[in-house]
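Student: Here's the feature list from TrEMBL:
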type	residues	note
ACT_SITE	A:C33	active site, nucleophile
BINDING	A:C267, A:C413, A:C469, A:C472	[4Fe-4S] cluster binding site
BINDING	A:S314, A:D376, A:D377	Mg(2+) binding site
DOMAIN	A:33-250	domain 'Glutamine amidotransferase type-2'
There are 4 protein chains.
Amino acid sequence: MSDEITARTLWTGDYYNEGSGKEGLFDKLKEECGVFGVYRHSDAASLAYYGLHALQHRGEESAGICVSSGDEFHYHRGMGLVKEVFNKDLMASLTGDIAIGHVRYSTSGDSKLTNAQPLVFKYRDGDLAVATNGNIVNALQIRHELEQGGSIFQTTSDTEVVAHLIARSSKDLVEAAKDALKRIVGGFAFLIMTNDKLLVASDPNGLRPLTMGRLGDAYLFASETCALETIGAELLRDIEPGELLVLDKNGLHEDRYSEGKHRKALCAMEYIYFARPDSDLNGSNLHAARKRMGSQMALEAFVDADLVTGVPDSSISAAIGYAEQTGIPYELGMIKNKYTGRTFIQPSQELREQGVKMKLSAVRRVVEGKRVIMIDDSIVRGTTSRRIVNMLRDAGALEVHVRITSPPFKNPCFYGIDTPDRRELIASSKTVEEIREEINADSLYFMSAEGLIAAVGGYNEQDYKGGLCLACFDNDYPTQVDFKGEEKFGCSC
Amino acid sequence: MSDEITARTLWTGDYYNEGSGKEGLFDKLKEECGVFGVYRHSDAASLAYYGLHALQHRGEESAGICVSSGDEFHYHRGMGLVKEVFNKDLMASLTGDIAIGHVRYSTSGDSKLTNAQPLVFKYRDGDLAVATNGNIVNALQIRHELEQGGSIFQTTSDTEVVAHLIARSSKDLVEAAKDALKRIVGGFAFLIMTNDKLLVASDPNGLRPLTMGRLGDAYLFASETCALETIGAELLRDIEPGELLVLDKNGLHEDRYSEGKHRKALCAMEYIYFARPDSDLNGSNLHAARKRMGSQMALEAFVDADLVTGVPDSSISAAIGYAEQTGIPYELGMIKNKYTGRTFIQPSQELREQGVKMKLSAVRRVVEGKRVIMIDDSIVRGTTSRRIVNMLRDAGALEVHVRITSPPFKNPCFYGIDTPDRRELIASSKTVEEIREEINADSLYFMSAEGLIAAVGGYNEQDYKGGLCLACFDNDYPTQVDFKGEEKFGCSC
Amino acid sequence: MSDEITARTLWTGDYYNEGSGKEGLFDKLKEECGVFGVYRHSDAASLAYYGLHALQHRGEESAGICVSSGDEFHYHRGMGLVKEVFNKDLMASLTGDIAIGHVRYSTSGDSKLTNAQPLVFKYRDGDLAVATNGNIVNALQIRHELEQGGSIFQTTSDTEVVAHLIARSSKDLVEAAKDALKRIVGGFAFLIMTNDKLLVASDPNGLRPLTMGRLGDAYLFASETCALETIGAELLRDIEPGELLVLDKNGLHEDRYSEGKHRKALCAMEYIYFARPDSDLNGSNLHAARKRMGSQMALEAFVDADLVTGVPDSSISAAIGYAEQTGIPYELGMIKNKYTGRTFIQPSQELREQGVKMKLSAVRRVVEGKRVIMIDDSIVRGTTSRRIVNMLRDAGALEVHVRITSPPFKNPCFYGIDTPDRRELIASSKTVEEIREEINADSLYFMSAEGLIAAVGGYNEQDYKGGLCLACFDNDYPTQVDFKGEEKFGCSC
Amino acid sequence: MSDEITARTLWTGDYYNEGSGKEGLFDKLKEECGVFGVYRHSDAASLAYYGLHALQHRGEESAGICVSSGDEFHYHRGMGLVKEVFNKDLMASLTGDIAIGHVRYSTSGDSKLTNAQPLVFKYRDGDLAVATNGNIVNALQIRHELEQGGSIFQTTSDTEVVAHLIARSSKDLVEAAKDALKRIVGGFAFLIMTNDKLLVASDPNGLRPLTMGRLGDAYLFASETCALETIGAELLRDIEPGELLVLDKNGLHEDRYSEGKHRKALCAMEYIYFARPDSDLNGSNLHAARKRMGSQMALEAFVDADLVTGVPDSSISAAIGYAEQTGIPYELGMIKNKYTGRTFIQPSQELREQGVKMKLSAVRRVVEGKRVIMIDDSIVRGTTSRRIVNMLRDAGALEVHVRITSPPFKNPCFYGIDTPDRRELIASSKTVEEIREEINADSLYFMSAEGLIAAVGGYNEQDYKGGLCLACFDNDYPTQVDFKGEEKFGCSC
């Protein structure tokens, strides 16, 4: 996946490369958020800290942790990476044994710090904190209704809507939460904390990943399994679509708020690009799944060449799979500079034209005079793909064959992924051949949906579309998406 | 006014001296807050910035500005001084021609940043921002009622209560605001901003100061006149108790929300200590008023001595007045280090015993062998007074006669001043003679209430108690203060 | 003293007001530096820290402390105030019982951090650190000679010259230091530290102040006595012109390096403006001396008026003296905002014209309709005086009579004070009447040199010119100042 | 390569993981430094900035750039990454067309900032700046001689010695530099800049890499070719052992200062571990060379297993080579968290025991039930290897076979690599079998020296020991290393 510079001006006045596999120069799709929950561990805040650190790739712009010590909440939120937002003194102040945490993408500025999660409220029954990953499609509609009833909002986050729905209910917390979850439509993983309870919910289609683990007597919840592994916890299972788990002094209660007929539809881009390669989704390791995507790609679109290379970091696994399947050697055809990140000074236009490459360099001695197969995970606008292909050519590649491990990305996501307007999505208006020409490749192939489903594999293979949401490829959204004309894109957590 | 170390640990791990005339080592009473409003000036945010800078002494721990550009609000709030919280890029982003700003005391940490004002909300009719100085005595009671009705709160600030009352009302903004202001009891100056209006209100007793000025076509509102002077604005008049001013596209509407019989009761400590000496209250310049307090003190409690000195900075004016009245020369008997402030490293116990003085030093060559009259504005706990008296003695003073320009401080304030528990107020349990002994003075005198009223002067002299609130001295509170057992001290803005 | 804006852009892009009595908007003459030394105290670094804090007004732009633990030096230097440059961890690392410290004016940037003192070197006999206050007039000449001999320099500081002279000598440390001090011409206070010794020297004319104190068994040295008072030390005496004190394991040795006939010539501006009012010079308290200057001024240039006011902070003492002498009341005619300092955002030109006053405001209610006597300490370029006079008139003053407690400032200082080029000194080209017109005053008077000498008083009154250097007023420099055409202005410490 | 925690406390009080492939938790050998030079490019400072950014892995603790604008030098140095040390304003101030830059490892604190390079001096002929990578073995001896001659030193860096030697010489710059380079013994790459010249030199054995490129008319010099590629420059050639290049207004002069018989001896660890995989050394791409090391390892020490995995990031290439050679699949058996770096909070002992893994996690689903071949580049102390092996076992690996792509590391480096004391090097006292037991591996194999030479390949294969320095493995140092008993380890640049 590859596209043009996202110039976001921070208050420091500096350009912001986000510092990992999904940076500015390559304008990758932005993951929406990551959540982490702890129920009853004496060191709850620290576990949340390390867990969020492991989920950092899901959101690099703000981080927050809220802990309940029974009587009161202690929390801190800030702009930046987990390691930047927290320090020893702050951590020491976060005492308590229930915790929820959040990492998120957002733009800078105080008004957006206000949106940093977990959101924390006082309501009739005490304290209430909410952290979520995903997007509520009918949030504006509900919000308008609430405002007519006299509610005031401090954030622009959809998450606040759910807190209001709970607070306004005359039922007890669990019933109020069920009512609220039933009202909302979208893709989401929810952690809701009160002074003595933790509620955990997934949307009815299971669009966003959410998993449960155990460390001693404590229960843990995380957007990805890598966060459990990082803290040495045992993986129990994934949260099911429509589930509502309640943790209170009597332990874990497995409940549901949605009994309707909803297809299982886990976001395919989690498999293709977002989730960390050492995470498991539905029992499948992501690195292995991506290698299978590479193998599948080799079966679908073999081309003879001298070497296979992957756009780092997300396409390395697929490239190795392609190489293993074809016997063409995997080589390091390009390398990413690890030190990019916030506050880097951008080269002047002149220097950029002279070829100053801050983030990704071709390895001349590897690609010179070679026919190169370049594996990437997606094409959004096409500009970055073109840039990479040309960089390989400038470094002497004789041919560049591009293989994309996803079908053409044509439709916006309504479930938590920050996608550009449909008109900017190159695949929504151009044919594969036109895209090939645009990115200056010798050949171009997009994975078939069937191949993708097969490569993902797992026990969902027999489900409708393999249990995946492929809406960004095939326009088949698993939920209603149009509410009184409001069309909400991207992530609003 | 003088008392013991308030050791507050910031997250930097360093001791926090707040950096001006009211620092930690001397544990002065804390002013509650300062507010500043602008209606229709193209540079509204900048005016708020300079205005708040002039009000910085009223709150050094957080600062915020919210500006309306008609369609939307732009705001920024942060911990620290005005000059630290804002920078050029932030200021440039605060576009619009209506603004409200706030400086405030609070403790550090994100949960308290959340309390930083102006509070900003979305409600049925758009955006709503509120900044206030003061305290609402029945806030908890109202809050409980609102929570029962399903409201959720994001802050612990009383101010949020008022926003909820307005949002819940089915009346138009002005009527809703009047209803809300009628519901609350306390001492407060309120600035309420919507996308196109500014509302300005003072409590029915006029406990907290609030003044109005004009700069070209723009209206300005400030806690003290010095903020108007700083930006070159013309002073129009003080806001009257019970007034509600409404500024909208038709200009200024002078209205009232309270017609009840309320005595005028402006906080006496504003005269004695809080307000800047170059501000006017009720048409009286504060420096001049404090000089009169010094003169009055000389009339009430003359003592023969070699020199008069004032505890800097707040008691310099009174000391000069005392000197002028008596003919005893005013001398610089002690000096305050200007560079104190946050992050200063505290001396070790050993060094402290060796006499390391970070903040205030006696001027040995001035006081040595002399009989000293030391003027101060109040005694809270007594420990700092004792420390200063002893410092003067160590520097060779033969006698130290303490003159306090306020009556004994015996009762907590419910209207926005951060006072310690009644048991910690030395004057609530000890006689003047006992206090004199405790602070090791040769003589001690507290100003009489009558003398204070006479010195303050102005057109209110004929009013009940000179139009002043003297409750902290005489326990005669101008409002009901007990609501279902809730006794709220200090400032909750 | 008063003059125009010094706009210096820091790397933060913000304007830099230095934060105390000598800030940018008023372009006061800059003090050169302050030094502090400790010999044999277990908490040497902490004493240096508090001592430098008390000397902060002598240099706000960098600070440094170097400590000897016998075997090695530990040091830290940085840009900013003492409290900003050091923190607890850094202080904890500065172990040892001999220390020298320094505060200094300089411009920002690494190349200037390099100039921050103490300068620290390794030489034949171990470690060597030097801190100085003042200026060496023939430094460039010596430097050229040393470079011809193969020396390399890392700073542009004159102080480095002295270290080279010592290192190049084949004599022992004390003799080498004497030779070096004899070679240099200028005004300076020197602290030189080796692994086990401390050397303390003053120039042959005693141009810069330097004083000695005692705390338990430890000896202390400071540019001003206020630093001794701050740490609870006993004042012993001032260092004499031409003295070289040597402190080693055998204690204090009082020696001299200069026996020539040099007039005693302590910088008059230290009395008039630089030194803190609670410091003593030659046994005279500065506040008292400045009050005498005010009285003397009243005798020399009485004018009938309604009030006397002083430009804060430096002229408050003199204004009180003038008021006492004449019986005209001292009033707070203007007030300085305490919160100015680095990173403050400057008002736009438009707002400045509207009268936004960041630093100094007239107190309208005090001066309105009054004839005002305004006391200031000096006039450098005249622009700021004009601005203040006009500000008083704008606030309604009927007449403004300016009284300056120094003679006209006509000549640059070669001994450590940062003065502008002679052509910019208004008094070097204009008559008093022309200056009066330029600054828009109703009358203007400069103190006579005789009056100044009388007001300073002390045991030096019988000395030539009262033991003062008045060169900036009368062009009578106490040393040779022209070396091969090199004319070095200001401070190079 | 793998070893125990290096807990270094920064002044922030936080643990310092350096943020890339060579972090604290794994205590990799520290690269010594990186240098970058520009001769005559209008944007010299920017090129140095981007070049140093590409060399960041060679030194993460300080960075500096010095530029000559003809008349004067402009420079900035600071602690931290290139992107942290510089900002736009600083870059804008670095005007000129000749530049040298430096990145370096060092410990924090001002005394070490002083050591940050480029070192900048003033000497007889103007300005002089020096940046170096490597170590001078006889530096102390020369330093003592210079000190006897009256030289003073401001740093503890060997580099300063060379500046003194040049300044003390009566010859012209080039001859003086030749004399100085002849005096020193060690491994080094030198960049020396004056107001109008740039000198470039490599030690007589060519121990440290240094390469030359061209961008338009400008000449560029860099420790590694990746820095040239990053800025779009053409690679010309590597600097030869004993060369001294002089760039002045007449262009490039290729000269030599050493004609003696010295074996070519480029540091083998550059091939094995330090240099970036996209750099070339002697015309060999490093990724390719490391793949050959993996293949060679497979030939030398095949073992049957289910998968091959490499310790990220440095051993990925070798692991892929091993997999290709053997047909055993390459898998992602462990993953490194990209967000580690300075200021991360370390887990408590208890949490560490519970298995919190901040930096490296095993991928359970990949290794569970599998026989794993783990490729690493070296073993220093052995503790980290043991930790990784155990982590793989905890994640379910049945067998762990460790393959190290270097011979046993037994001897300290004198040429710029920061190695622990010989007694801490596990291979200097234990047999391979004992090490295997210590690290808990099922089998362990170290690459043979012959295999390493063959894998490195290139045109040097026929040279003595393949043109490599293997002293850390075989104790055969290419230079004299003992000078009057001084044994200098590691890097002193």
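Yeah, the Cβs are placed from backbone N, Cα and C, and that goes for glycine too.
Describe the structural context of these features.
Tutor: Annotation note: A:C33 (active site, nucleophile) sits in a strand segment as assigned by DSSP. The 10 Å shell around the Cβ of A:C33 (active site, nucleophile) contains 29 further Cβ atoms across the protein chains shown.
There are 26 other CB atoms within 10 A of the CB of A:C472 ([4Fe-4S] cluster binding site), with all protein chains counted.
For the recorded site, A:D376 (Mg(2+) binding site), the DSSP three-state label reads strand.
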Student: How big is the Cα-to-Cα gap, in Å, between A:C472 ([4Fe-4S] cluster binding site) and A:D377 (Mg(2+) binding site)?
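Tutor: That separation, Cα to Cα, works out to 14 Å.
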Student: Using DSSP and collapsing to three states, where does A:C413 ([4Fe-4S] cluster binding site) fall: helix, strand or coil?
Tutor: coil
Student: What's the number of neighbouring CB atoms sitting within 10 A of the CB on A:C469 ([4Fe-4S] cluster binding site)?
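Tutor: The Cβ of A:C469 ([4Fe-4S] cluster binding site) has 28 Cβ neighbours within 10 Å.
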Student: Counting all other Cβ atoms within 10 Å across every protein chain shown, which of the binding-site residues A:C267, A:C413 scores highest?
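Tutor: Result of the Cβ crowding comparison: A:C267.
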Student: Taking DSSP as the reference, which of helix, strand or coil describes A:C472 ([4Fe-4S] cluster binding site)?
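Tutor: In three-state terms, A:C472 ([4Fe-4S] cluster binding site) counts as helix.
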Student: Nearest to A:D377 (Mg(2+) binding site) in three-dimensional space, by Cα, is which of the recorded positions A:C33, A:C267, A:C413, A:C469?
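Tutor: Considering only the listed recorded positions, the nearest one is A:C267.
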Student: How many other Cβ atoms are found within 10 Å of the Cβ atom of A:D376 (Mg(2+) binding site), counting all protein chains shown?
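Tutor: If we count other Cβ atoms within 10 Å of A:D376 (Mg(2+) binding site), we arrive at 25.
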Student: Here's one to test understanding: among the recorded positions A:C33, A:S314, A:D376, whose C-alpha is closest in space to the C-alpha of A:C413 ([4Fe-4S] cluster binding site)?
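Tutor: With Cα distances computed to A:C413 ([4Fe-4S] cluster binding site), the winner among A:C33, A:S314, A:D376 is A:C33.
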Student: Cα-Cα separation of A:S314 (Mg(2+) binding site) and A:C33 (active site, nucleophile), in Å?
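Tutor: A:S314 (Mg(2+) binding site) to A:C33 (active site, nucleophile), Cα-Cα distance: 18 Å.
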Student: Using the alpha carbons only, what distance in Å do you get between A:C33 (active site, nucleophile) and A:D376 (Mg(2+) binding site) once rounded?
Tutor: 23
Student: To the nearest whole angstrom, what is the C-alpha distance linking A:D376 (Mg(2+) binding site) and A:C267 ([4Fe-4S] cluster binding site)?
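Tutor: Between the Cα atoms of A:D376 (Mg(2+) binding site) and A:C267 ([4Fe-4S] cluster binding site), the distance comes to 18 Å.
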Student: Setting A:C267, A:C413, A:C469, A:C472 aside, what same-chain residues sit with their Cβ within 8 Å of the center of the Cβ atoms that define the [4Fe-4S] cluster site, listed in sequence order?
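Tutor: Near the [4Fe-4S] cluster site, beyond A:C267, A:C413, A:C469, A:C472, sit A:G187, A:L207, A:A268, A:M269, A:Y415, A:I417, A:L470, A:A471.
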Student: Restricting to the domain 'Glutamine amidotransferase type-2' (A:33-250), what is the model's mean pLDDT?
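Tutor: Mean pLDDT for the domain 'Glutamine amidotransferase type-2' (A:33-250): 93.
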Student: Hey, does DSSP put A:S314 (Mg(2+) binding site) in a helix, a strand, or just coil?
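Tutor: The three-state answer is coil.
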Student: Count the Cβ atoms, other than its own, that fall within 10 Å of the Cβ of A:S314 (Mg(2+) binding site), considering every protein chain shown.
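Tutor: Result for A:S314 (Mg(2+) binding site): 26 neighbouring Cβ atoms inside 10 Å.
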